[in-house]
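Here the structure comes first, spelled out in structure tokens, and everything after it is commentary.
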Amino acid sequence: MSKKRLYEIAKELGKESKEVVARAKELGLDVKSHSSSVEEAVAAKIAASFKPAAAPKVEAKPAAPKVSAEKKTEKSEPAKPAVAKEEAKPAEPVAPKTEKVAAKPQSRNFKAEREARAKEQAERRKQNKGNNRDQQQNGNRQKNDGRNGGKQGQSNRDNRRFNDQAKKQQGQQKRRNERRQQEDKRSNQAAPRIDFKARAAALKAEQNAEYARSSEERFKQYQAAKEALAQANKRKEPEEIFEEAAKLAEQAQQVQAVVEVVPEKKEPAVDTRRKKQARPDKNRDDYDHEEDGPRKQQKNRSSQNQVRNQKNSNWNNNKKNKKGNNKNNRNQTPKPVTERKFHELPTEFEYTDGMTVAEIAKRIKREPAEIVKKLFMMGVMATQNQSLDGETIELLMVDYGIEAKQKVEVDNADIERFFVEDGYLNEDELVERPPVVTIMGHVDHGKTTLLDTLRNSRVATGEAGGITQHIGAYQIVENGKKITFLDTPGHAAFTSMRARGASVTDITILVVAADDGVMPQTIEAINHSKAVNVPIIVAINKIDKPGANPERVIGELAEHGVMSTAWGGDSEFVEISAKFNQNIEELLETVLLVAEIQELKADPTVRAIGTVIEARLDKGKGAVATLLVQQGTLNVQDPIVVGNTFGRVRAMTNDLGRRVKVAGPSTPVSITGLNEAPMAGDHFAVYEDEKSARAAGEERAKRALMKQRQATQRVSLENLFDTLKAGELKSVNVIIKADVQGSVEALSASLQKIDVEGVKVTIVHSAVGAINESDVTLAEASNAFIVGFNVRPTPQARQQAEADDVEIRLHSIIYKVIEEMEEAMKGMLDPEFEEKVIGEAVIRETFKVSKVGTIGGFMVINGKVARDSKVRVIRDGVVIYDGELASLKHYKDDVKEVTNGREGGLMIDGYNDIKMDDVIEAYVMEEIKR
């Protein structure tokens, strides 16, 4: 049996909860509050106690509405016969008549209501007129107060404002009282309203009771079935249970087959939603019941109705568009819930550092919440968007029983990986390649002459000053085999170029003049070759000269670690004369022999990789780079990344200036098609397509820029004073333009090494190519001069330089550039002065002149005293004052100087405390040349 609470009974009866609680206590029930629950039978008993007794059923209640209606229509006489009839008739037939009378709806007197509304409207119009008149009077009062002004006017305004507010409040209170009376009157006239809340509560209580009753019955059935099954299992043997289970399974299969053959009739779904209840009729005369009084204008009411209708239409449209509100869907059966599929775990998991929990869950087909729970059990607090390190991911995979492997990400912008990867070359495709030989040595020891002899050309005569300015790469054929030669400059400024030549070479030919012997650049070349473990072949040149001494050269080289094979070393020595082509064949045979011992191999089938030998900017071709192919084959139209630049090989020429389409291993070629000129010594690599090459080149340029920005020097305690001292130095700003990148580097390094105390060189800009207008503009803005090395300014740049007074210095020999720069730096130094004493004098007499000062009469005892010299006043061996002369006279004449043994008078500027026997020392400051 279901139970009811007292407040539910009160709602059903339309009574207050207090009355129901009191009545329950009167009936002897043990209840404490309106929340107490009672059985349904007790609830019915409480409800019956509120109903009237059966005997006095017929009362004046049914006649009450008639009486009230008669009062409205002013007909009160017919009420008496009705009562008399009711009293005269017996009790049984009276009851149905009273029920019929109570069920009749009350009739409304619409005419009286219309008259009442018209009367109210007339009163409101009258009140509005009065309000308008009051507002007009207030405006006139304000105007008068403005004219009057002063404190009296202000007090009058305050009094009137107070009176107006009081009148307004009285009027509002009066209108509120009238509205309350009208509402009471209408409520008496209106039909009784239906209590929808009470009905809804009763319906809900009935549904709850029914649900509780059915639930209790189902629970009892379940308990009974459970007990019966338990008793049956106790009595039966296991074998019997299995037999019964098998029979039940067969019956279930048969039933399932029948169900599949005969489709089940689907009953229409019952709409359990509560139907929308109709709203009660609302009295339309209450819309203007506001404290501010009268209705608004008809125009405003129409606009409000329009907005309200628009909102209602929008709400209805949205309601129609909502899924599930369609009437056609109400009778459809709900779709069955599909079970989640079970996914097997993978056997392997490839991960990267920084993977999030959500990414891991997606890869292993598990929910992120499950992984978060596992991590929590492992002691790791994480969310599904949190990144995990490699160690945590591996521990998580161990928990799942999955083998974890870290994914190796390949950096597409890393060119160096092609040079170190073991799997890049195919071992089966390796073939013999030509050796790359670098010719190194001191200045003017005959390197270029030797290379010229090898190529049977006169390259050396075209070199300015007799020295090689940049690397040349050439290829010759000896006994059917190719040899690639690299010529490096021997001047001290080209150290970086020699280092690059040694890094890409297979064999080094060290040229040493037999008459000069070992020189500084010779030692440097030996160190470069040993640093990269390159075998050295010593070519002792100029043996045709009278002062040649090859044995001395061999001994000097032995002191620096280069031992001849005849002395038990590993270096080959060949005595040659490059000028007269003596023993050149023997030198080439030695080169091929050493190359054969080294077993030089290359794979021509892979994409080409190599090193930049030189780079320059050509006005017609753009960026031109000389490349040495080390592995693979370079073709025209190959997408290529060179250092921090990229492009496509547009054209390719060999060392003879002829166009070629293919360049194999150990072949030097010049290419065009790059977006910028690369740096000498950069590596290059051919990519699969132009898109990947562009991405790699842009990424490398971006990284180089970031690295350059981060390379700012930080001031530490050790270099703080050096930094402060450097701020006081004078600076010579220079812009360098050269024909090739190697010359630019050599010039920059040489100029920055110039040591002149108090002056430093600042390289504002350095680049490859001709001097153009932008260089001149930059020089003018930075107060710099331009140094051109083997380049010339354009006509427009020359005109602009003359107009802007920018100095351009052109050179073809690096010695001249360095000497000229040293002179310019010394010329910027402040002159140094040295003090020189020119004479001494002794004060013999002093004269004080008013408004003039103290005049000292003196005699020169040594040298002279000049008018423009500085003087010191020395008293008892101590310098009292150091200053300048204000005047110098010999008797009454102004003179420029007073010589030894003569007398004169002097005045010292700013000093009047001259005394007898003071020594006046005259001196001048002379400039000293640096």
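In case you wondered, yes, glycine gets a Cβ from its N, Cα and C as well.
Between the listed ranges 455-458, 487-490, 527-530, 899-902, Swiss-Prot ties the annotation region 'G3' to 487-490. Swiss-Prot lists region 'G4' for one of the ranges 521-524, 541-544, 637-640, namely 541-544. Other Cβ atoms within 10 Å of the Cβ of LYS447 (GTP binding site) number 28 in total over all chains. Residues of the region 'G4' (541-544) grouped by DSSP class, helix first, strand second and coil last, total 0 helix, 1 strand, 3 coil.
Averaged across the domain 'tr-type G' (432-599), pLDDT in this predicted model comes to 78. Its Cβ taken as reference, GLY441 (GTP binding site) is surrounded by 26 other Cβ atoms within 10 Å in the chains shown. Taking a C-beta cut-off of under 8 angstroms and a sequence separation of 6 or more, ILE543 (GTP binding site) has the following same-chain neighbours: ALA514, PRO550, GLU575, ILE576, SER577, GLN582. A sphere of 10 angstroms centred on the C-beta of ASP444 (GTP binding site) encloses 17 other C-beta atoms. As a summary of secondary structure, the compositional bias 'Basic and acidic residues' (157-167) carries 11 helix, 0 strand, 0 coil according to DSSP.
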